[in-house]
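TrEMBL annotations:
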type	residues	note
DISULFID	C35-C41	disulfide bond
Amino acid sequence: MDVGSLSCGPYQIKLGYWQDARLKGGSLDGDWQNCSATFDCSERAVQGYMARYATYARLEHNPTCEDFARIHNGGPNGFKNPATEKYWLRVKKCLDMSITPDDANKTEQKH
């Protein structure tokens, strides 16, 4: 993990993350800070990073939400780094509280 370095945008992307993401995600607007500041480009950066590191070949299993979160937080080997477990638990708590499509349909039917 790259503690203390500058992170930008909604996904808190660091320069090294963006550079790695470009290997699978294309040019990504050609500039780290501009890309990281927009949802569209930063989402493409995350997708490129995951395409590179969250793979069956690296993990020896199909990537899970936990793998994605821990790799995003802790780098290529974050999925096995104990330091990323706390981050994963925060993400999992948010996921557990989300509304499912069935719940959303029930809410819409009441109105």
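Each Cβ is built from the backbone N, Cα and C atoms, and glycine gets one as well.
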Set of same-chain residues at least 6 away whose C-beta sits under 8 angstroms from C35 (disulfide bond): G9, I13, W18, L28, D29, C41, S42, R44, A45
Cβ packing number for C41 (disulfide bond), 10 Å threshold: 23
